[in-house]
Amino acid sequence: MGVFRFISISLAAVSAANAAQILSMPHAQTVPNSYIVMMKDDTSDDDFKHHQSWLQSTHTHNITRRATIQNAGMRHKYNFNKMKGYSGIFDDETIKDIAKDPKVMFVEPDTIVSVHGKVEQSNVPSWGLARISNPQPGADSYTYDSSAGEGITVYSVDTGVDVNHEDFEGRAIWGSNQVNDGDDRDGSGHGTHTSGTMVGKMYGIAKKAKLVAVKVLGNDGSGPTSGIVAGINWSVEHARQNGGTKKAVMNMSLGGSSSSALNRAAAQAVEQGMFLSVAAGNDNQDAQSSSPASEPSVCTVGSSAEDDSRSSFSNWGPAIDIFAPGSNIVSARPGGGSQSMSGTSMAAPHVAGLAAYLMALEGISGGAVCDRLKELGTSSITDAGPGTPTNVLINNGGAKGGQPNPNPAPAPSPSQPSEPQQPTPSQPGQPGEPFPGEPFPGEPFPGQPFPGESAPAPAPAPMPPTPQHPHTPYPGGDNFDFDSFWKKYFGGEHWRKMFSSFWN
């Protein structure tokens, strides 16, 4: 008996020494008795099933003995890529028992996550679309390639979406409700607004992309971290079964206190090939203290105002990857029509929409998308904030003489914010046809794609700074060198001599 007792005590000591950490969240708003449990990366499917069976019996025993918590037990189960885990409501003794399992990585209290946007006045001009396809603020047209995100699926992880709004043209579907409130609609308006910016016919950037609504926040704009993680899990699995994660974008215009579980889930989605656009937060503080904005593998977005300054509310710091329009943005409203909102919540969907646009246009995916956004952007932001490593504002290539087809859509009018408008050509001419003395819309030299064709993938050429384009060789320019021009674009001695006599 003495030997058995010694062995039991030794095993208990080893178990305690190897117990997983129960993380502390002193500055967060926690959900009482609700926890997120993450398993170690080497946990097999069989190990995970065994742990769940053990949890069920342990939890039942503890609850039966104490009967102190209502509606207790497992709520969400996570299982994608390397990440396995679950969330639920458990008493203190059960949590201690869970932490002792050597397959458990950590236990984290469930915290409240909120949207990063707020409603402002209605019927103000939506300037964001025009800004992302022009070199300077103040433009009133949005120039884009006709591919417009076709073939890409965008996941709106938010408050839900009014998928029947006319701006979505039937391209939006309801996906999942992780709030479990039985209310499959957007009672907040936040998710419909952000989705309109991403894929709407009038207010959207990727006007041909599909949208899937994933509700993780309630009608008050808040919800537990456990539901956010479940929404990420669901989105990744849905993407894998419907076109692939490399043709999927996830927008997360939300955030809360720093969460290892939420950051880990976001990182796993990126590792699977999805592009994640995340709002930096609206507290005018270091975004490093917020999740999922602090996750290095996502594209974290700060907000800009109409004059290209950082929005006064926008978070800043080393976590920021890029800026996008976020002040006074007009977009879709549940039930029809439009409304204006401000926040990094409004900036992130500009990035998500542009990501979908570029993925369709150039065939890129995952982490390469954020890098491409930085390449195409303009160094325009003033007062980016302490420790912020970038002042780049997103652009679709139009600011650098880039690749979009000349197919501009007028920016929404203040007097008719919800009227759909068809894209119209921005100037006359023969885009795609080289002819002497006339620059091409959006590109001052031959190479512009024919209408209806996708633009080429190479990086855009610099936009000439003046109407004369002094450093760009094209017919009719002041510094035009015909020999260099012909050798580069056409070649052939017979044709060179004939056209040389014509132009000279």
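Using the three backbone atoms N, Cα and C, a Cβ is placed for every residue, glycine included.
Note that the structure is predicted; figures quoted are calculated from it, not measured.
As recorded in Swiss-Prot:
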type     : residues : note
ACT_SITE : ASP158   : active site, charge relay system
ACT_SITE : HIS190   : active site, charge relay system
ACT_SITE : SER345   : active site, charge relay system
COMPBIAS : 282-294  : compositional bias 'Polar residues'
COMPBIAS : 378-394  : compositional bias 'Polar residues'
COMPBIAS : 405-449  : compositional bias 'Pro residues'
COMPBIAS : 457-473  : compositional bias 'Pro residues'
DOMAIN   : 34-116   : domain 'Inhibitor I9'
DOMAIN   : 126-400  : domain 'Peptidase S8'
CARBOHYD : ASN233   : N-linked glycosylation site
CARBOHYD : ASN251   : N-linked glycosylation site
REGION   : 172-198  : region 'Disordered'
REGION   : 282-312  : region 'Disordered'
REGION   : 378-483  : region 'Disordered'
SIGNAL   : 1-19     : signal peptide
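When the recorded positions ASN233, ASN251, SER345 are screened for a Cα within 10 A of the Cα of HIS190 (active site, charge relay system), the ones that qualify are SER345. Within its own chain, ASN233 (N-linked glycosylation site) has HIS76, TYR78, ASN79, PHE80, MET83, ALA265 as residues 6 or more apart in sequence whose C-beta sits under 8 angstroms from its own. Computed over the domain 'Peptidase S8' (126-400), the whole-number mean pLDDT of the model equals 94. Note on the region 'Disordered' (282-312): DSSP counts are 3 helix, 11 strand, 17 coil. Panel annotation: around the region 'Disordered' (172-198), residues 75-76, 115, 117, 119, 128, 154-156, 158-163, 165, 204-206, 209-221, 223, 227-228, 230-231, 234-235, 238, 249, 251, 253, 329, 331-334, 338-339, 341, 345-346, 348-350, 352-353, 356 of the same chain, lying at least six beyond its termini, place a Cβ under 8 Å from a Cβ of the stretch. ASN251 (N-linked glycosylation site) is 9 Å away from SER345 (active site, charge relay system) when you measure Cα to Cα. In the shown protein chains, 29 other C-beta atoms lie within 10 A of the C-beta of ASP158 (active site, charge relay system).
Recorded residues ASN251 (N-linked glycosylation site) and ASP158 (active site, charge relay system) have their alpha carbons 8 Å apart, per Cα-Cα distance. Take the CB of SER345 (active site, charge relay system) and look out to 10 A: across all protein chains shown you find 33 other CB atoms. Every protein chain shown contributes to the tally, and the Cβ of ASN251 (N-linked glycosylation site) ends up with 32 other Cβ atoms within 10 Å.
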